[in-house]
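A.B. asks: Pasting the relevant annotations from Swiss-Prot:
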type	residues	note
ACT_SITE	ASP13	active site, proton acceptor
ACT_SITE	HIS41	active site, proton donor
BINDING	12-18, 40-42, ARG304, 330-332, 412-414	GTP binding site
BINDING	ASP13, GLU14, GLY15, LYS16, ASN38, ALA39, GLY40, HIS41, THR128, ARG142, GLN223, THR238, ARG302	IMP binding site
BINDING	ASP13, GLY40	Mg(2+) binding site
BINDING	THR298, THR299, THR300, GLY301, ARG302, ARG303, ARG304	substrate binding site
Amino acid sequence: MANVVVIGAQWGDEGKGKITDLLSRSADVVVRYQGGVNAGHTIVVDDRVLKLHLIPSGILYPETICLIGSGTVVDPKVMLGELDMLIANDIDISGLQLASTAHVTMPYHRLLDLAMEKQRGDRRIGTTGRGIGPTYADKSQRSGIRVIDLLDEARLRERLEGPLQEKNQLLETIYGVEPLDAETVIKEYLGYGKRLAPHVVECTQAIHQAARARKNILFEGAQGTLLDLDHGTYPYVTSSNPVSGGACIGAGVGPTLIDRVIGVAKAYTTRVGEGPFPTELSGRLNDQLTERGGEFGTTTGRRRRCGWFDGVIGRYAVQVNGLDCLAVTKLDVLDELDAIQVCVAYELDGERIEHFPSSAEDFARCNPLFETLPGWQCSTEDCRKLEDLPDAAMAYLRFLADLMEVPIAIVSLGASRDQTIVVEDPIHGPKRALLSA
């Protein structure tokens, strides 16, 4: 039995969905522990492309329990849309569970998110506009609506009365937005609650029951380390904690229940939205990575910013998350390049630094210091074993493992499930990986 956390080691969009899908084959329970519909993951199954935002990737396995944990924020309309999509694709949803204590994104959260971002102008953060920040803000202010409130009309009315009056006043007087009608909102969200009720459970009880039965539990994070509210490139961050420690809070478990932590990183780096990005590319190389990598957001459709692999933020992710091993994705995107650069340090105010600065302003002034490695200029998409990889590709992976000081357990070479090299089974194998410097 092993309980594993999967996190993003960059700015999100690292390919966690595919890796979680792969590991879900060996998991009895998959837990999504933070975030909301601002994150998305794409899974390719038998030529079908399934895009999910809230529901864990493990839903594709009929015997797997998929739990949306207390640390998430749930947009019930989006969630029900995903459920309908899965049903239309003949996927069994009976294993889906939703924490009764997860907070709910209400219509005023989305309106406020869009209005506040518009008002910021040039100081915009790059929010997805899905209401995630305002939902977490209400949670912190103890005025939020939780899933359990959608199951009882009297409780929902009581919980909603004050917040809705306050939000309507804000929307009207500050942002010039039409107020929401209380009865319309109550009717709509009671309807959502009725449909979701069969899936609602007590999160902590469900997880600890599985742990007592010695089940394999997989904790799935959304976004990435550099978007963490406390440890990311603040203020260009999300409103929750995608790092591995967030799994304990968002799922309601102690750290002793976690056996290992797997980080997922692309073979290069991408970022969506605003904020510093030292290794960002422009021109032909940027376009090449964007097109070959399909770098458009699952949630927003926005074009992702592309750059070389950044070993400084990689080492930082290893430290913050306590990574045991790494899954490297999209190695195939680099197949056509004759030379590949990797950032090994920064230059800030004339000094070489090898750490991630805590100030976004300092980070924006960092210049990347690169080492250049030879490309392999041949396809890796059909490689299924390490020995199938070109020598230069192997050298590149070993360089990344050495730079980040963590072994590589999985290499992904395309979107399909079979386009994967599993160096070491992170769940059933020994606590090590074979591909290291």
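Here the Cβ of each residue, glycine as well, is placed from N, Cα and C on the backbone.
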A.B. asks: Of LYS18, ARG303, ARG304, LEU331, which binding-site residues come within 10 Å of HIS41 (active site, proton donor), going by C-alpha to C-alpha distance?
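C.D. replies: Correct set: LYS18.
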A.B. asks: Of all the Cα pairs drawn from ASP13, GLU14, GLY15, LYS16, ASN38, ALA39, GLY40, HIS41, THR128, ARG142, GLN223, THR238, ARG302, the residues the record ties to IMP, which distance is largest, in Å?
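C.D. replies: Farthest Cα pair among residues binding IMP: 34 Å.
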A.B. asks: Determine the minimum-neighbour residue: among ASN38, THR42, THR128, GLN223, listed as binding-site residues, which Cβ has the fewest other Cβ atoms within 10 angstroms?
C.D. replies: THR42
A.B. asks: Just jot down the residues in the same chain as LEU413 (GTP binding site), at least 6 apart in sequence, with C-beta under 8 A of its C-beta; none if empty.
C.D. replies: LEU331, ASP332, THR380, GLU381, CYS383, GLN419, THR420, ILE421
A.B. asks: Under a three-state reduction of DSSP output, how is GLY40 (IMP binding site) classified: helix, strand, or coil?
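C.D. replies: Coil, per DSSP.
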A.B. asks: Would you kindly give the Cα-Cα distance separating GLY301 (substrate binding site) and THR128 (IMP binding site), rounded to the nearest Å?
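C.D. replies: So the Cα of GLY301 (substrate binding site) lies 10 Å away from that of THR128 (IMP binding site).
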A.B. asks: Between the Cα atoms of ASP13 (active site, proton acceptor) and GLN223 (IMP binding site), find the distance and write it as a whole number of Å.
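C.D. replies: Taking the Cα atoms only, ASP13 (active site, proton acceptor) lies 7 Å from GLN223 (IMP binding site).
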A.B. asks: What's the most sparsely packed of the binding-site residues GLY12, GLY40, ARG302, LEU331, counting other C-beta atoms within 10 A?
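C.D. replies: Per-residue Cβ counts within 10 Å for the binding-site residues GLY12, GLY40, ARG302, LEU331 bottom out at ARG302.
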A.B. asks: Once near-sequence residues are set aside, which residues in the chain of ARG303 (substrate binding site), 6 or more away, have Cβ atoms under 8 Å from its Cβ?
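C.D. replies: In sequence order, THR290, GLU295, PHE296, GLY297 meet the Cβ cut-off.
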